[in-house]
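Pulled from Swiss-Prot:
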COMPBIAS  15-30  compositional bias 'Basic and acidic residues'
COMPBIAS  214-227  compositional bias 'Basic residues'
COMPBIAS  228-238  compositional bias 'Basic and acidic residues'
DOMAIN    118-176  domain 'P-type'
REGION    1-30  region 'Disordered'
REGION    214-238  region 'Disordered'
TOPO_DOM  1-79  topological domain 'Cytoplasmic'
TOPO_DOM  101-178  topological domain 'Extracellular'
TOPO_DOM  200-238  topological domain 'Cytoplasmic'
TRANSMEM  80-100  transmembrane segment
TRANSMEM  179-199  transmembrane segment
């Protein structure tokens, strides 16, 4: 009887050793497969001929495609309306205006304060008379006193001119500098805004791709228990 038990115990020990060895082989194979998948995801090697044809058939991501995608994203986020509103305000501000039809400073002061301030900014005036400038009497009264002239927001002249109180003259150098500065700032803003939008969209796409890769790796790492058991049985049978 004890002699019969000893070979059975030896057989059970040999079976347990074989089972442990097969299980260790399965775990090693799983770790190798995971390392291979990680290496393939990090570096897939140079593209083959079939991959090159597929890449040629696939849509190419260029500057205009990124711009169109950014515009679609902005339209979905309802930010494109604000950009269009800003663009049309700039167009209205920089449209050509006939200076002969503009009112004088006294009439502009009677307008609303925001519009009057805007006209003062884009069409500044000064009391300095430059060469070949026509002088107009203040309120059609050229012989007003200095106090009345200042009350009417006009310029008084103490030199030997015919008109002692005249309306302010257009300051063209200051106007050119202001318009040029505002145009330069608006061009810079409108130039960098699409670039910023494109960079934001590109970063978002890159983050989405990275998240997709991580999800795929996690899904590959989490294998079902039934599949592991079938692999262990197959190795034990061999």
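Yeah, the Cβs are placed from backbone N, Cα and C, and that goes for glycine too.
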Within the domain 'P-type' (118-176), residues counted as helix, strand or coil by DSSP
19 helix, 9 strand, 31 coil
Summarise the model's confidence over the domain 'P-type' (118-176) as a mean pLDDT value.
77
